[in-house]
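Student: For A:20-44, A:90-112, A:132-153, A:174-193, A:205-223, A:252-275, A:295-314, A:334-352, A:364-383, the entry in TrEMBL reads transmembrane segment.
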Amino acid sequence: MSVPLAAPDPTLQSFGQDPWWLIGGKVLAIFVFLVLTVLLSMWVERRIIGRMQLRVGPNRAGPFGLLQGLADGVKLALKEDIVPRQVDKVVFVLAPVVSAVPAFVSFIIIPFGPTVSIFGHQTPLQGTDLPVAVLLVLAMASMGAYGIVLAGWSSMSPYSLLGGLRSAAQIISYEIAMGLSFVAVFLFAGTMSTTGIVNAQADRWFAVMLLPSFLVYVVTMMGESNRIPFDLPEGEGELVGGFHTEYSSLKFAMFFLAEYINLATLSALATTLFLGGWRAPAPISTVWEGANSGWWPVLWFLAKLWLFIFFFVWLRGSLPRVRYDQLMKLGWKILMPFSLGWILLVATIRGLRNEGHDMTQVAIWAAVVIGAVLLLSIAWDLVGRGRGDGGEIVPDLDGGAAPEAAGGFPVPPLDAPHYHGVAREGADVTAHKEVASGSH
Amino acid sequence: MTGQEIVFTLLGVVAVGSAVMVVTTRQLVHAALWLVVSFGALAGGYLVLTAEFVAWVQVLIYVGAVVVLLLFGIMLTRAPIGPVPRSGEDDPLDSGNRWAALAVAVATAAVLITVLVMGFRDSRIRLEAGGGGAEPLGGSLFRTWVLPFEVLSVLLLAALVGAIVLSRTDIGAEDDEPGTDIPARTGGPAPDGGARVGGAKTGAGTDTGGRTGSGGSKGGGAKVDHSAEIAGAETDVKGGDGKAGAAEGSRGGADGARGREEGGG
């Protein structure tokens, strides 16, 4: 409210005019915001999960245990940094960095608010914006997959390798469905820049208008974040710790950091693309004119962001882990065809509207088409159930049974070539040093 | 030279240099990582040329998906992914096709360079911001170049269908199925263990054959053994109670298309 209402909503042209100190300040603010969000969301998660499980949760460090995240961070940093003897050192050290850096980068295009005045400069509350901003987020998400897959490979451990591979397959699969869920948003917003998308939701949120896309995004969001119910890459019942089994101390902390930043990024992206970004929810903005100007929108943005983070935690408290083939089936056989069909429908409606057809008639026909598809799928399901192959667990008993040496217990394959190496002369990757570094 | 040109040249040097590293490094996984650097430099080049949409799509698809799949393939197969010694005769990284590959690469580069030089010798394109955004690109793709675009789509579709056909053994000629000889080659654990758990030796044997065969037709039978083992070990952990049988064989084959993903977990 401190700014006159004349300040217009930012567009793509509002960027690139900041002085250097403002750019540096924005980047620093986003960095600090992300670190604080991570520390806080760790505490929030443990407290909420505690409540859900009728426990107290961490309440010792600081008021209400608020400093628990900080304490955990310090503890991790002071732990011994173990580098296993046979790892590929360069990649082993690089992997956590590759995992954490893209997570930070993608937050630069998230709009926190409209144009505000900072020390006399009119500037949008957003790091920067690109004509293809959302693509940047997708690209950074896929870069983050490298951290995980390389961590899995360089650890030279079967558990890590399997975790890394699972994660790579999962992230790539779900990224396709995620990208498809964005297409409808792009079609309606007419742009890929996040400011443009937020501006396009001035009247109605895309979560309302494009509900199927929103639902698909929420599911793929779970898949991308490697969290329950899709946390197969680190399923501790099967893979010890998954890709980070061999990591400790700060390197492990960086994976942890990356996971929680990704959580925040995915939530912020969902807020921006589907829940109107920093725009106030309908009852507030209709009653109060100033809700969408000045610094107030930061509040709405944060509220929506934390709503999503709470949703993540809630799911973690309620859902069991799915099986890997179910995960893949959901991604490839349900989400993707569904998204493609939905995009077809949305594009048709958009095209008809551009041609100037009567929208009520188009809406009726769209409803008819959706109904027909639903009926068909139900009929298909009924017929399919008759055949008795719907979702039944049929164990694969091919070739993968336990080796005799393990006494019949199921163990992962222990003879992958790089575990014992192909005549290991290349001493550069196998330096014989027990403990590389450590604080105590 | 302007600053842009210097940056562009440097990016080109990085791209070519890391591409050379891809084919000379002794570590297959490092080769894939050098490929990431090369693709990244290429994306940087696109950015300098103001084609930001293409640049991010390059990062998203080539860096983010293609190389990850490549790594995935390297790690799942019996490719030599440890450090490989430089030895004469039985060097696993030495290929008899080395010189043929070099000739093909040089010829391709020569053709491309010739076409570019002949086609654009005197023309200068003025770069302006936004010229390579999604809108101009989409416009030219779907107006001017729609036919080549569609032809390419059909080509990709054909490749997709071809991959599915190759990876499925329950369709096509019957004699293609190497149902009996492959399990022997994969080594002891596969058929024995399968029979012990499944209680149906022939059924399990056929199953292994189907799956390994599916991989074999994908290219390089020896490569896929490991993936089958991983997938098998995994499903075993999940606790099959032994409903095997002859019907399983066809299912294992049919799942070949999903093999890549399932192999991972």
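Every residue, even glycine, has its Cβ placed from backbone N, Cα and C.
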Student: Pairs 6 or more apart in sequence, C-beta under 8 angstroms, 3 or more of them: is that satisfied by the transmembrane segment (A:90-112) and the transmembrane segment (A:205-223)?
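Tutor: These two stretches do not touch.
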Student: For the transmembrane segment (A:334-352), give me same-chain residues lying six or more residues beyond its boundaries with a C-beta closer than 8 angstroms to one of its C-beta atoms, as numbers and ranges.
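Tutor: Distant contacts of the transmembrane segment (A:334-352): 174, 176-177, 180-181, 183-184, 187-188, 210, 212-213, 216, 219-220, 362-363, 366, 369-370, 373.
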Student: Give the nonlocal contacts of the transmembrane segment (A:364-383) in its own chain as ranges (CB under 8 Å, at least six residues past its ends).
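Tutor: Hits for the transmembrane segment (A:364-383): 341, 345, 348-349, 390.
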Student: At a threshold of under 8 Å on Cβ distances, which of A:20-44, A:205-223, A:252-275, A:295-314 pairs most often with the transmembrane segment (A:132-153)?
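Tutor: Looking only at A:20-44, A:205-223, A:252-275, A:295-314, the most contacts with the transmembrane segment (A:132-153) come from A:252-275.
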Student: Need a quick answer: max count of Cβ pairs under 8 Å to the transmembrane segment (A:205-223), which of A:20-44, A:252-275, A:295-314 is it?
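Tutor: The stretch with the most close Cβ contacts to the transmembrane segment (A:205-223) is A:252-275.
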Student: At a C-beta cut-off of under 8 Å, are there same-chain residues at least 6 beyond the transmembrane segment (A:252-275) that contact it? List them, or none.
Tutor: 34-35, 37-38, 41-42, 73, 76-77, 96-97, 99-100, 103-104, 106-107, 110-111, 134, 137, 141, 144, 147, 151, 182, 185, 194, 197-198, 205-207, 210, 213-214, 217-218, 221, 224-227, 243-244, 301, 304-306, 308-309, 312
